[in-house]
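Asker: Before we start, here is the structure in question, set down as structure tokens.
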Amino acid sequence: MAESVIIYPKQDKLLDASVKQKAYSFLEKLAQDDSTPGLHVEPIANAADPRARSGRVDQQYRALLFKLTTATSTAYVVHGIYNHDDAYKMAAKVQLTINPINGLPEYNEVDAPERALTWAQPAVEALSAAPEPLIAFSAEDLTVSLGIPPATAEQAVALTSKDAMNTFASTLPEWQGLALLLADGEPITQIQQELELMNQPMSPQEAAGKFVEPEPVSDQELLDSFDQPSAQMGFAKLAGAEELRRVITGGDFSAWRVFLHPQQRRWVRGDWRGPYRIAGGAGTGKTVVLVHRARRLATDDPDASVVVTTFTTNLAAELSRSLERLDPGLEFSDELGGPGLHVKGIDALARAVVQSAGADISEAVAAVLGVGRTDISGRTDADAAWRQAVLRAGEGLDEKLRKSAFLKAEYEMVILPHRITQLPDYLKVARTGRGVRLSRSGRKAVWAVIEAYRGAAREAGTLDFSEAAAVAAAHLETSGERPARHVLVDEGQDFKPSHWQLVRALAPEAPNDIFIAEDAHQRIYGQRLVLSAYGIRTQGRSRAMRLNYRTTAQNLAWAVGVLTGQEVIDSDGEAESMAGYHSARTGPRPIVRSLPTLTTELDHAAKLIDSWSNTDGVQAETVAVLVRDRMTRDRVVAGLGERGVTIRALEAGSVKPGYPVALTMHRAKGTEFTRVLLFGLNQDSIPMGLKAYDYDGTELSEAQLRERSLLYVAASRARDELVVTYSGEPSELLPPSE
Ligand SMILES: Nc1ncnc2c1ncn2[C@@H]1O[C@H](COP(=O)(O)OP(=O)(O)OP(=O)(O)O)[C@@H](O)[C@H]1O
């Protein structure tokens, strides 16, 4: 017996966790041989659609399937797994059909309101004081241009609040929900493009008629309709048992593996003449796109070296794991320049370039730091070294400039990227983007401290991270080596100028050379900068992602509230807006709770974490407590332990199954959890460190924004539920409660 194709719905919410395993083994057998005894795949008497079949999952559960038979294959479209009686009730009313406007596969309920619908004039004229509808189009536009069924379109255009729209959208098939969310703000043609919706031109009357009496379609036409890019928002054709297992038993978290959205697919498959940049808020699928694109580039050209890099070692390890999960057959190369994928944090890449250069590195060190040397394997502790340098040589400096934060930023943003090695060059250089103006004597005084900093590092045989990247870039530039064909950067917003110089120098300028994913709102380490200053020109090749796939609309609104009113500049030098940033998922509103003392805050945390992790169907490791610093993290782990709740601190490595985790907000970057408690958001814990680091002027405002961004990162980790607590006075960064 030939194998069958299984077409599986993305929204398999009907599938209870306890049934998943049984559903998987049923479908696996069905895919191999649909006549296997025990599956009982049978036609259903009284079904609304002759293609409907029932299948026996276990004593209690039945699969409702639609069988498509063509000359060359058999496919089963899974509608859902239901209790025995529900499956038969459902079969009596559902038909599998093709949307008459856009050709997408969809279910039609035979007694749904469409049947009775005609295009009606509004019965009562709208009162002028009534709230404005959210969507500026008519119901007819939505139907004729996008294929939204008439009754759905009528309801959508009557909605006047974002909350109502989110709730409504979450009840619809995925593409319809997304189209309606986008319709709040975007022109119809853009929605058609983003969702790749084609439309058969026809009049509103003709369209309404076709929704009432769908035309008959063949099995072949139905099967082909699942191949449309936008069909894959709702359904996936599953190839092989492994894919089936991941999708069904892996749940939401790994579903993206097969369900790329049309726009994401374009970024994965697209070819561009030079660097390309995608920007987008937290959870818009940037990393998913990047990982798929890396796989695509590596498989299209197995001889090419594809470098995937990001800001920290932990994030790089997570990218490696995602790539392995996505495609266990991918080739990885341990060595920079070898064929296959090379995944490393940007500082580790710099180190690898420097090490492989051997004694030749001296020339690059001289170009960047003024004096050639090869004893550079140690790492400068930059904060301590700047303080020392100020003590040694800072007497000529104005009091306001004797701050390590200022000097470090001056060094990283101006001196290193311009490869300034002598005072006369520093006196001439344009200090674009630096807040503080410096007189000639001011520059001289700064330069004295720079020389002291460099002198101490020379004696110690060390480089700091930015120096190492600058040296690595200089080495590649002069040697002409270009170890990578493609470089993909995740979390680009945190890269420093010399990191970008290194990225530029890793690959020759050629089509598809550099691909960057970034979110300026999540800048928690870096300063703002403009990429073109480092030879990476993305103007005209930058796109924004607006749909959040992770977080519920309620959590997203709270997270965005943290940044309301802040101006955030992206790396094209443009203000980055959050307008049109939506989520198609809904859930409870975040809860903010004030507790009288730390002890009671810990009591509350223990109860909450215990109840979350013991909720049916919740895997304990998808529950997390996020805190501002390591000390609080350890206090939470100990405090919850004393209250009988085991929780693991997460530092390096990945989340292990079995227990909830506690982690710092910095460590939480790039992660996601179903339920998140933000703990200890007191006045004196976040923003943190602004006084200790003695910031001033531009450095102070950037540091304040970084703290806000950190809270935004933390809040946007929560897929479903978010609770925020503090004891004493609340942090000034918490958005005002409604
Ligand atoms: N096409 C999709 N369908 C369903 N889920 C998706 C899709 N694309 C991404 N996701 C899910 O959305 C979540 C966020 O994706 P991802 O981590 O790539 O976002 P991101 O933009 O990199 O987020 P952040 O900037 O916050 O790290 C993930 O759970 C991912 O599985």
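Positions of Cβ are set from backbone N, Cα and C atoms, glycine also.
What TrEMBL lists as domain 'UvrD-like helicase ATP-binding' is 259-559. Residues annotated as ATP binding site in TrEMBL: Gly280, Gly281, Ala282, Gly283, Thr284, Gly285, Lys286, Thr287.
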Asker: Excluding Gly280, Gly281, Ala282, Gly283, Thr284, Gly285, Lys286, Thr287 themselves, which residues in that chain have a Cβ inside 8 Å of the centre of the Cβ atoms defining the ATP site?
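Answerer: Apart from Gly280, Gly281, Ala282, Gly283, Thr284, Gly285, Lys286, Thr287, the close residues are Asp519, Met545, Asn548, Tyr549, Arg550.
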Asker: Suppose we screen the binding-site residues Gly281, Thr284, Gly285, Lys286 by Cβ distance to ligand 1 with a cut-off under 6 Å; which survive, in sequence order?
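Answerer: Passing the 6 Å Cβ check against ligand 1: Thr284, Gly285, Lys286.
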Asker: Tell me which of the binding-site residues Gly280, Gly281, Gly283, Gly285 sits in the most Cβ-dense spot, judged by other Cβ atoms within 10 Å.
Answerer: Gly281
Asker: Please name the residue among the binding-site residues Thr284, Thr287 whose C-beta has the most neighbouring C-beta atoms within 10 angstroms.
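Answerer: Of Thr284, Thr287, the one with the most crowded Cβ is Thr284.
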Asker: So if I measure Cβ to Cβ from Ala282 (ATP binding site) and keep only same-chain residues at least 6 apart in sequence, which ones fall under 8 Å?
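Answerer: Expected: Asp519, His521, Gln522, Asn548, Arg550, Thr551, Ala559, Tyr712, Val713, Ser716, Arg717.
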Asker: Tell me, roughly as an integer, the mean pLDDT over the domain 'UvrD-like helicase ATP-binding' (259-559).
Answerer: 93
Asker: Hey, does DSSP put Thr287 (ATP binding site) in a helix, a strand, or just coil?
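Answerer: Reduced to three states, the DSSP call for Thr287 (ATP binding site) is helix.
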